[in-house]
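Chemist: Once you've had a glance at the structure underneath, I'll fire off some questions.
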Amino acid sequence: MHLHEYQAKDLLSSYDIAIPPYRIVSSVEEGELVLRELGINAGVVKVQVHAGGRGKNGGVIIAKSSSEILAAIGKLLKMRFESNQTSGESLPVEKVLITPLVNIASEYYLAVIMDRKNRCPAIMLSKAGGMDIEEVAQKYPDQLLTVPLTPSARIYNYQLRQIIKFMNWEGDTGKQGVQLIKKLVQCFYDNDASLLEINPLVLTQEEELLVLDAKVTIDDNALYRHPKLEVLYDPSQENVRDVLAKKIGLSYIALDGDIGCLVNGAGLAMSTLDILKIHGGSAANFLDVGGSATEQQIQEAVSLVLSDENVEVLFINIFGGIMDCSAVASGLVAVMQTRENLIPTVVRLEGTNVELGKEIVQRSGIPCQFTDSLNEGARLAVALSKQV
């Protein structure tokens with residue numbers, strides 16, 4: 001689950017991490033009150049959306065007067081934000097963040113991440129802050145440092161010394177850096193985060209380390225342990241089908257292809273996506289209905305996949321160990337019989353009650369093609385998608 005910037009800053013503030021004053025407003029009138037409260041006549045106004053690239057895509061405005069701040073608030077609240085991280089969709093802007101300008105001497109990148117390569121949490125740092133970390137890694141690899149962490153949420157003194165030396169933090173700045181890193185690591189572990197990113201972290205001309213921007217992602221599977229974080233979920237920032245899938249308890253991720261997939265089991269679902277790609281096709285979604293889905297859940301799953309206007313072909317790939325193939329068939333038929341425009345459908349059923357499942361579909365008269373092979377089913381689905 002992604003947090004908005006202001007929510008991330010709220011979380012970091014609870015760990016006594018230094019952040020410039022900030023306020024959230026949802027109208028120009030609220031902005032006028034905040035300006036008086038903060039006592040500022042210049043500042044930065046930033047859209048609050050679950051996407052990066054805000055500065056490059058008009059989502060951040062530096063204002064040098066009170067009137068410019070108010071104009072920026074009005075402008076940003078009217079926009080729908082889009083960047084290369086929004087998958088072609090535009091996100092609503094319901095709130096903007098106001099914060100004063102600071103006198104920046106140096107900018108840095110600092111994050112606590114899940115290091116997939118080494119299978120452990122890690123601290124990632126760079127002396128080139130304010131840039132996309134992917135760009136830093138590509139252009140300035142010598143300016144990037146990754147420090148692995150232990151499962152016990154400890155960071156050792158020798159690692160802290162390594163970091164301070166790499167970042168060229170001396171004297172009091174080094175002491176601030178040590179305390180900041182310790183607090184960030186603790187925050188990461190305490191809240192089951194999968195990402196805690198500060199970009200930029202700045203050293204001001206007054207020699208104070210400050211967090212100017214923050215991004216936090218919480219592990220969805222751990223939210224039951226964090227009810228105070230769970231309520232921060234903002235469905236307006238998610239794909240509508242992702243939101244619906246969460247409500248009905250399905251594992252769904254929207255993708256960019258045109259072949260809708262309904263599969264049971266995460267491993268089989270990922271294999272299905274891979275084999276479609278091998279045959280030259282592209283999936284419109286990842287959808288794992290699990291091993292014990294009911295007929296009603298299958299109906300909801302089929303409807304969910306077909307609600308995507310990009311779906312040209314439906315590929316159902318079920319290996320029924322616990323799953324009852326007849327329930328899958330009945331759910332599919334129930335949805336298809338209510339639709340006027342049917343799309344080509346490829347069905348691969350194997351396992352419990354497979355013959356009954358095939359009979360249910362065949363009796364219904366809905367147009368679909370059966371296959372007993374995953375490879376053949378994927379090839380057929382791709383071929384049909386290219387004919388549409």
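Backbone N, Cα and C define each Cβ position, glycine as well.
According to Swiss-Prot, the protein carries these features:
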type: BINDING; residues: Lys46, Gly53, Arg54, Gly55, Val102, Glu107; note: ATP binding site
type: BINDING; residues: Asn199, Asp213; note: Mg(2+) binding site
type: BINDING; residues: Asn264, Gly321, Ile322, Met323; note: substrate binding site
type: DOMAIN; residues: 9-244; note: domain 'ATP-grasp'
Chemist: Hey, for the substrate site built from Asn264, Gly321, Ile322, Met323, who else sits with CB inside 8 A of the CB center?
Modeler: Gly265, Gly290, Gly291, Ser292, Ile318, Phe319, Gly320, Asp324, Gly351, Thr352
Chemist: Please list residues from the chain of Gly53 (ATP binding site) whose Cβ is under 8 angstroms from its Cβ, counting only those at least six apart in sequence.
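Modeler: Spatial neighbours, sequence-distant, of Gly53 (ATP binding site): Gly59, Ser83, Asn84, Gln85.
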Chemist: If you measure every Cα to Cα distance among Asn264, Gly321, Ile322, Met323, the residues said to bind substrate, what is the biggest one in Å?
Modeler: 10
Chemist: Among Lys46, Gly53, Arg54, Gly55, Val102, Glu107, recorded ATP binders, what is the largest CA to CA distance in Å?
Modeler: 21
Chemist: Across all the protein chains here, work out how many other Cβ atoms are within 10 Å of the Cβ of Gly321 (substrate binding site).
Modeler: 10
Chemist: Which has the fewest other CB atoms in a 10 Å radius around its CB: Arg54, Asn199, Asp213, Asn264, Ile322, the listed binding-site residues?
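Modeler: Result for the binding-site residues Arg54, Asn199, Asp213, Asn264, Ile322: minimum number of other Cβ atoms within 10 Å at Ile322.
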Chemist: So among the binding-site residues Val102, Met323, who's got the most Cβ atoms within 10 Å?
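Modeler: Sorting the candidates by Cβ neighbours within 10 Å, the top entry is Met323.
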Chemist: Please report the distance from the Cα of Glu107 (ATP binding site) to the Cα of Asn199 (Mg(2+) binding site), rounded to the nearest angstrom.
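Modeler: Here the two Cα atoms lie 8 Å apart.
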Chemist: I'd like to confirm something. Which of the binding-site residues, Val102, Asn264, Ile322, has a Cα closest to the Cα of Asp213 (Mg(2+) binding site)?
Modeler: Val102
Chemist: Sequence gap of 6 or more, Cβ distance under 8 Å: name the residues on the same chain that satisfy this around Lys46 (ATP binding site), in order along the sequence.
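Modeler: Result: Glu5, Arg54, Gly59, Val60, Ile61, Leu76, Val96, Leu97, Thr99.
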Chemist: If you measure from the Cα of Asn199 (Mg(2+) binding site), which of the binding-site residues Gly55, Ile322, Met323 is the nearest?
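Modeler: With Cα distances computed to Asn199 (Mg(2+) binding site), the winner among Gly55, Ile322, Met323 is Gly55.
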Chemist: Could you please provide the mean pLDDT value for the domain 'ATP-grasp' (9-244)?
Modeler: 93
Chemist: I'd like the number of other C-beta atoms within 10 A of the C-beta of Glu107 (ATP binding site), please.
Modeler: 17
